[in-house]
Amino acid sequence: MVEKIIVSNPVANLLGDEQTRVIWDLIEKKLIFPFLDLKVETYDLGIEYRDKTNDQVTIDAANAIKRLKVGIKCATITPDEARVTEFGLKEMWKSPNGTIRNTLGGTLFREPIVCKNVPRLVTCWNKSIVIGRHAFGDQYRATDFVVKGAGKLELTYTPADGSAPQKFQVFDFPSDGGVALGMYNTDASIKEFAYACFNFSLDKKWPLYLSTKNTILKRYDGRFKDIFQEIYEREYKVKFDTAGIWYEHRLIDDMVAYAMKSEGGFVWACKNYDGDVQSDAVAQGYGSLGLMTSVLLSADSLVAEASHGTVTRHFREHQKGRETSTNSIASIFAWTRGLEYRAKLDNNDKLLKFCHALEASCIDAVESGFMTKDLAICVKGSVENVKRTDYLNTEEYINKVAELLVSKLTAL
């Protein structure tokens, strides 16, 4: 057996729900703890325990991430009315991801995991496109309402220093009314977004593009453009030049067109709503939503998780004692991306190499023909073309990754 790697500082381990919790347990037992001497602070974010603690456990988990600097999160249920009934919940608890984002702030980076033999819907995407989504403000913190009849819509800003208010005329509504929206962002949050994107690009050694619609929202989107440009010129241009990469602002429509015909290999900084939409479009373009990592990077902490949900349909089969073939790759990458950040904070080169070896083992397994059913369907073109011998079940795939990992670690 390979000697365990000592990890000197702990991480927060956030448990989740349903089938992803099942594979989380397998990942811990077969891919993490046999190889690492690692201390974890565990927080049960399963829906039933969140309900039992009135969601206090989510707040505790977010604060632990702040303190420990690293959180590794399993997918969780965000309850709707049907889930409230199913679990007999006290109330419709908020998304744990939203609570964590509101506590930590930061930027959400979503990156596809590229396997050469998994066909891409956008065939020219040979390298990853990372979406950096500004996870604060805009439509997600907006005030919107229905206007019932004729009237004047105004915006008023009242300075805290007691100086004269500024009033802006927005629209005169006709008698049949309409809808209205007021939204905002802050310089501090935009600056944090910019720093996160520049640092992420430098780390990847990939160019960075910011997309806005500053031709229409001259002041609102213009503020994003100006802040990014100021920080780039002052602090990053020389570093980017040295690394052989660049930063550019592009209009969102131009950027979408460029992305569709590019080969990938860049970081795309998006405002909150744009990032929400484009990250799913990019994920599907690479062929599988099950091959997408997600990290929330704030000024001094990181939370990593899979970009998919709790895989309820597979969990129902698991509950009946039936065989499942659930893709665990994104959940494994949640562990590797979290531990990679821990390794960089601690200057732990052995841990960093372990993370890279585990990621390579996942990809090598798929590229050697060892994969779960969802990927076999992608490779074969349709479910009708897939035989049982074409794929592994949930545990068999993780066992295969463990086998490849041992050989890679032995060779280090």
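Every residue, even glycine, has its Cβ placed from backbone N, Cα and C.
Swiss-Prot lists THR76, ILE77, THR78, ARG83, LYS261, GLY309, THR310, VAL311, THR312, ARG313, HIS314, ASN327 with the feature NADP(+) binding site. In the three-state DSSP assignment, the secondary structure recorded for THR310 (NADP(+) binding site) is coil.
For GLY98 (substrate binding site), other Cβ atoms within 10 Å of its Cβ number 13. Secondary structure at GLY98 (substrate binding site), as computed by DSSP, is helix. Here Swiss-Prot flags THR78, SER95, PRO96, ASN97, GLY98, THR99, ILE100, ARG101, ARG110, ARG133 as substrate binding site.
Listed in sequence order, LYS213 are the same-chain residues six or more apart from ASP253 (Mn(2+) binding site) with CB atoms under 8 A from its CB. The Mn(2+) binding site annotation in Swiss-Prot covers ASP253, ASP276 and is backed by similarity to another entry.
TYR140 (site 'Critical for catalysis') counts 14 other C-beta atoms within 10 Å of its own C-beta, drawing on all protein chains shown. A helical conformation is recorded for TYR140 (site 'Critical for catalysis') in the three-state DSSP classification. Residues or ranges marked as site 'Critical for catalysis' by Swiss-Prot: TYR140 (among others).
Annotation comment: Swiss-Prot describes LYS213 (among others) as site 'Critical for catalysis', evidence class similarity to another entry. In three-state terms derived from DSSP, LYS213 (site 'Critical for catalysis') belongs to neither a helical nor a strand segment and is classed as coil.
Counting only residues at least six positions away in the same chain, the Cβ atoms of LEU14, GLY16, ASP17, LEU45, GLY46, ILE47, SER95, PRO96, ASN97, THR310 sit under 8 Å from the Cβ of THR76 (NADP(+) binding site).
With a cut-off of 8 Å between CB atoms and residues at least 6 apart in sequence, the same chain places VAL130, ILE131, ARG133, SER279, VAL282, ALA283, MET292, THR293, SER294, SER307 near ARG110 (substrate binding site), listed in sequence order. DSSP classifies THR78 (NADP(+) binding site) as coil under the three-state reduction. The two recorded residues, HIS314 (NADP(+) binding site) and ILE100 (substrate binding site), have Cα atoms 27 Å apart. The two recorded residues, LYS261 (NADP(+) binding site) and ILE100 (substrate binding site), have Cα atoms 35 Å apart.
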